[in-house]
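K.L.:
I have a structure I would like to understand better, so I am pasting it below and will then ask my questions one at a time.
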Amino acid sequence: MTDRPVPVLLRHAAPYGEEPTDVLLADGVIVALGADAAAHPAAAGAQEIDATGRVLLPGLVDLHTHLREPGREDAETVGTGSAAAALGGYTAVFAMPNTDPVADTAGVVEQVFRLGQDIGLVDVLPIGAVTVGRKGERLAELGAMATSVAAVRVFSDDGDCVSDPMLMRRALEYVKAFDGVVAQHAQEPRLTVGAQMHEGAVSARLGLTGWPAVAEEAIIARDCLLTDHVDSRLHVCHLSTAGSVDVVAAAKARGTAVTAEVTPHHLVLTDELAVGYDPVFKVNPPLRTDADVAAVRAGLADGTIDIVATDHAPHAQQDKECEWDQASPGMLGLQTALSVVLETMVRTGLLDWRGVARVMSENPARIGRLAGHGRPVAVGEPANLTLVDPDATWVVRGSELASRSANTPFEGRELPGRVVATFLRGRPTVLDGQLVGADVGAGLGTRGE
Ligand code: DOR
């Protein structure tokens, strides 16, 4: 899509939920902001959108998405995942490399990158695997991925931990050459053999093998020390425990270049949900306790945790609707993330809308070294934007989500806030809460074929 987008005039939109104003988008950027925007020469022929009562945010950026392509197109494709992302208010997503083949070469990351560009709903930034095949044995060709068309800056073996400290050290050293970051799935494998859920009172009651908090905390502590030792940059994926918040806070206090993410589900759901043995609540790291939920919310509010990342993990029906111990871990997240953050962080007074922009757009773009996203709502900035109705509520139905899978842990739950429109470089990808003008491939809306 190289043709020029029709200009858009947003009437009475409230940037960051503050004073309503008019906002003019033309040629992919914000060209005017204020009462005189409609009088700007570029406003001629603009599509007008009444944004009264709507909050305008920089387009959301997800640093942790699973798009499943190549290899598991029955669960998600770059097309269906891009659609879910745009509908969730995202303009860029970073795609995890645990695909088949694994995204551990320039060829695979370029393929995923180009698919995303062709679909054109969000910018898809492939994350490269740290180790060949994600096997944790030897480093992948990080440099070749970094210099490829996909310009990879984030490397992760997510789904598995880079548990060998020597390999982790080497990866941290290597990514410095291109200002990259290693995003660690912090899980000490020897402490989590056969783990099925959080280790605690509920796992003891249910007789399921526990995944102790220390298995996460020990790896984060080790990796912060390694990061200091080689003067590199570390990102902690899906931090889930109160102890991990303390470890990251201590490292930041002594100057470690560490950032951390929390998922929407860890902001609200707990291990009590396992009592029904419904695998829709099985996820890795597992849902923790009320005390952990309180600690990660507080950590996000005070900046110890830098971002909310979805860990959007679509799974085909047969991989979720089975016995708990057989089920794949993971939950959908792209279309519910903003609503969960609104409920858990904004409605509770822990974050304002500027804070939401920081943790869901600015910080993830900065950590991923992604230019053009996570920018302020200001004249001259790229028109990557999300328009939100903060007063709307909706009931989540997995079958109605754009993802090719339906494994939402919020099924039937009423959530606040709806994404009304999303703009990628000035072009609407979502209007009136519906996708516009995109061919996302045969998978959209069809399942289980
Ligand atoms: O629950 C999870 N699902 N955690 C991970 O780390 C991987 C992900 C997946 O790929 O399904």
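If you go along the chain as it appears here, the first residue is 1 and each next one adds 1.
Even glycines carry a Cβ here, placed using N, Cα and C.
TrEMBL entries are annotated by machine, without manual review.
Remember, predicted model here, so these are calculated numbers, not experimental data.
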K.L.:
Per TrEMBL, what member of Asp158, Asp164, Asp223 joins His185, His238 in binding Zn(2+) 2 at one site?
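P.N.:
As annotated by TrEMBL, His185, His238 share the Zn(2+) 2 site with Asp158, chosen from Asp158, Asp164, Asp223.
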K.L.:
Kindly point out which candidate in Asp311, Asp319, Asp325 is recorded by TrEMBL as part of the Zn(2+) 1 site with His64, His66, Asp158.
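P.N.:
Site partner of His64, His66, Asp158 for Zn(2+) 1, according to TrEMBL: Asp311.
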K.L.:
How big is the Cα-to-Cα gap, in Å, between His238 (Zn(2+) 2 binding site) and Leu67 (substrate binding site)?
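P.N.:
Here the two Cα atoms lie 17 Å apart.
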K.L.:
By the DSSP assignment reduced to helix, strand and coil, which category contains Asp158 (Zn(2+) 1 binding site)?
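P.N.:
Assignment for Asp158 (Zn(2+) 1 binding site) reads coil.
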K.L.:
If you count Cβ atoms within 10 Å of each one, which of the binding-site residues Pro329, Gly330 comes out on top?
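P.N.:
Buried the deepest by this measure is Gly330.
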K.L.:
Give me the CA-CA distance between His315 (substrate binding site) and His185 (Zn(2+) 2 binding site), in Å, as a whole number.
P.N.:
19
K.L.:
Sequence gap of 6 or more, Cβ distance under 8 Å: name the residues on the same chain that satisfy this around Leu67 (substrate binding site), in order along the sequence.
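P.N.:
Set apart from Leu67 (substrate binding site) by at least 6 residues yet with Cβ under 8 Å, we have Glu76, Thr77, Val78, Gly81, Ser82, Val93, Ala95, Met96, Thr99, Val112, Val124.
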K.L.:
Go through the binding-site residues Arg68, Asp158, Gly330 and pull out the ones with a Cβ less than 6 angstroms from some atom of ligand 1.
P.N.:
Asp158, Gly330
